[in-house]
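The following features are taken from Swiss-Prot:
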ACT_SITE  608  active site, proton acceptor
BINDING   317, 319, 586, 663  Zn(2+) binding site
BINDING   319, 388, 389, 390, 391, 392, 393, 589, 664, 665, 666, 667  substrate binding site
MOD_RES   85  phosphoserine
MOD_RES   107  phosphoserine
REGION    89-111  region 'Disordered'
REGION    181-205  region 'Disordered'
């Protein structure tokens with residue numbers, strides 16, 4: 001059956017939900033001050049009057065419930081369901097026999113979903129004994145039954161919306177969450193079905209630059225409508241507007257779904273419920289750590305050959321133009337000046353310029369340069385000044401040196417930049433255990449950017465087994481429009497995505513781009529999130545082909561149209577047996593909380609995510625959906641948030657899927673191994689244990705664009721399975737106790753949602 005995008009109508013949205021969503025957007029647009037704009041979504045930390053009034057309201061609700069016969073019946077039915085859930089989540093304890101022996105009874109329990117015909121078989125994995133924390137009672141949320149059921153059902157609906165968008169774009173969605181939501185294929189589909197398709201690395205005897213394996217051309221036609229590229233089998237189909245059978249997104253449906261999430265994050269009972277659950281998760285981890293820290297440490301000590309230094313780590317968020325540290329850049333500049341000062345490196349007004357003349361024009365001698373005079377490091381002056389931070393990409397404040405050393409398109413064809421990237425790659429290969437995912441820019445000014453970038457990659461032989469590439473699209477349409485480089489926003493989207501569709505449909509005609517795309521694993525959306533936009537994105541927003549103003553579209557507008565085209569492209573590439581792409585935008589570093597709502601629907605994973613701390617509902621949803629978050633505390637420390645206030649440790653303890661990344665080593669780091677610098681500082685400041693560090697490292701590999709074969713090699717054959725069954729301690733150095741705790745805790749939280757849905761069914765049957 002062909003995959004289709006399920007459409008909804010705006011009239012199907014509850015009027016109250018729609019008005020609330022519009023109120024949220026209007027609030028964000030009206031108030032530039034971030035604290036005021038976030039007031040709708042935050043739970044006040046210190047407001048005695050507000051807390052007292054809230055407690056009074058809760059008490060009145062509790063007293064009213066005690067007198068209600070109907071509520072008593074519902075409580076009784078829910079108590080039965082909850083008792084069953086708790087008994088299933090607590091496997092019996094036995095002596096640990098060690099990793100080689102299988103003991104099914106010791107495995108964390110797989111969920112029993114509504115409508116399941118039989119109990120799922122527990123994972124055949126041995127588990128060491130450890131101390132568990134459980135809470136029993138009528139309902140464990142600490143709020144009234146009515147509020148609990150309302151919150152749980154709303155959260156379940158939000159997760160179902162997320163699952164719909166993830167599956168349509170071949171993004172990842174946790175199988176365990178899908179099981180609890182009652183997805184019909186969750187029990188029958190093979191565990192590896194939901195994995196993204198990344199091209200495996202070439203074998204040692206294979207040429208990574210071979211152009212002869214392109215599949216045959218299909219000669220489909222591609223036409224943009226409303227900012228989205230549609231594929232047609234032939235000219236006749238195009239004339240009749242009958243596109244190829246692929247899922248094409250619908251803006252009205254997206255607006256409906258976004259309205260539900262926006263209304264949810266402002267709902268009082270849901271905010272209270274999520275706030276309590278998040279506090280519980282953090283407290284539960286503290287208790288787990290207190291009770292089982294030594295048991296975890298004993299597990300790691302008995303694990304031969306593996307420690308923190310020789311587990312694989314991936315830098316999941318790093319920009320190629322700043323992937324080297326400042327000393328590396330300085331050394332390279334001096335080396336090129338000493339070895340080839342008379343080489344022609346630029347052309348200005350028809351006059352060729354040598355490297356010596358470039359520095360003479362800047363009135364400087366490279367011999368006298370220091371890391372301080374190079375001035376590429378971010379400091380105190382860049383805090384909350386993204387404009388000053390961007391200027392740090394210009395060595396010595398000279399854009400000429402940036403164009404010469406840090407660009408792929410210049411007189412030398414990006415040779416110097418390629419050489420530096422290859423030096424960084426060589427250091428990664430020597431370290432053996434470190435990988436990175438550098439971002440390369442595509443601006444959308446011209447469709448020639450793609451073939452030029454592919455040529456740069458092949459011409460300078462930039463491939464490295466320790467690197468996977470991500471394409472970042474800066475949100476700077478307003479700059480190009482003001483310079484008359486683009487007629488409308490639709491043209492920018494066409495320049496970004498049309499070459500990819502052509503290379504997918506007719507790879508024989510675009511061999512270089514087809515080859516380059518094998519090593520590209522995702523797309524990123526980048527720029528200063530704190531920029532204010534006066535436009536409220538909705539189904540009434542102008543189409544990209546009529547967005548001709550010099551005003552930049554809002555963040556949500558960018559994300560929807562990038563996701564829409566990536567979704568269609570992924571389905572086309574999957575049909576052809578080619579690799580697919582993940583959407584991994586910068587999100588939640590600054591700006592509006594609505595950015596995180598857009599990413600919840602459209603992104604596979606995000607970078608930064610700091611603003612999740614401001615919204616308990618979104619933070620809890622990101623936890624339940626296990627959305628990967630690449631965090632860069634040293635980068636944030638120089639730009640938006642002091643290191644001590646960074647929520648990474650808090651997110652890790654609660655169980656969010658976080659990894660450590662460097663962002664821009666040139667601006668923020670001092671050592672040659674920037675990623676190890678991140679881990680070392682985090683470990684010292686937050687007193688992270690070895691198990692914590694290895695868990696973060698394992699998360700980074702899971703989040704990354706490394707292929708299925710590589711992840712099996714680095715994490716274990718069953719890495720895609722959830723819980724201890726998917727963990728091979730011999731490769732990850734993550735204690736099975738920790739994996740069991742994470743899995744059982746997630747199952748427990750998800751069971752609250754499924755129990756609420758079951759209680760509704762039982763109540764309906766008894767009435």
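Glycine is treated like the rest: Cβ placed from N, Cα and C.
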### Query
10 Å Cβ neighbour count around residue 664 (substrate binding site)?
26
### Query
Expressed to the nearest Å, what is the distance separating residue 319 (Zn(2+) binding site) and residue 664 (substrate binding site) at their Cα atoms?
6
### Query
How long is the line from the C-alpha of residue 608 (active site, proton acceptor) to the C-alpha of residue 317 (Zn(2+) binding site), rounded to the nearest angstrom?
9
### Message
Please report the distance from the Cα of residue 664 (substrate binding site) to the Cα of residue 586 (Zn(2+) binding site), rounded to the nearest angstrom.
### Response
13
### Query
How big is the gap, in Å, between the Cα of residue 586 (Zn(2+) binding site) and that of residue 666 (substrate binding site), rounded to a whole number?
19
#### Entry: Cβ neighbour count (within 10 Å, all chains shown) around residue 317 (Zn(2+) binding site)
30
### Task
Identify all same-chain residues not among 317, 319, 586, 663 whose C-beta atom falls within 8 angstroms of the centroid of the Zn(2+) site's C-beta atoms; report them in sequence order.
318, 439, 524, 526, 607, 608, 630, 632, 635, 661, 664
### Query
Which state, by DSSP, holds residue 317 (Zn(2+) binding site): helix, strand or coil?
strand
#### Entry: Collapsed DSSP category at residue 664 (substrate binding site)
coil
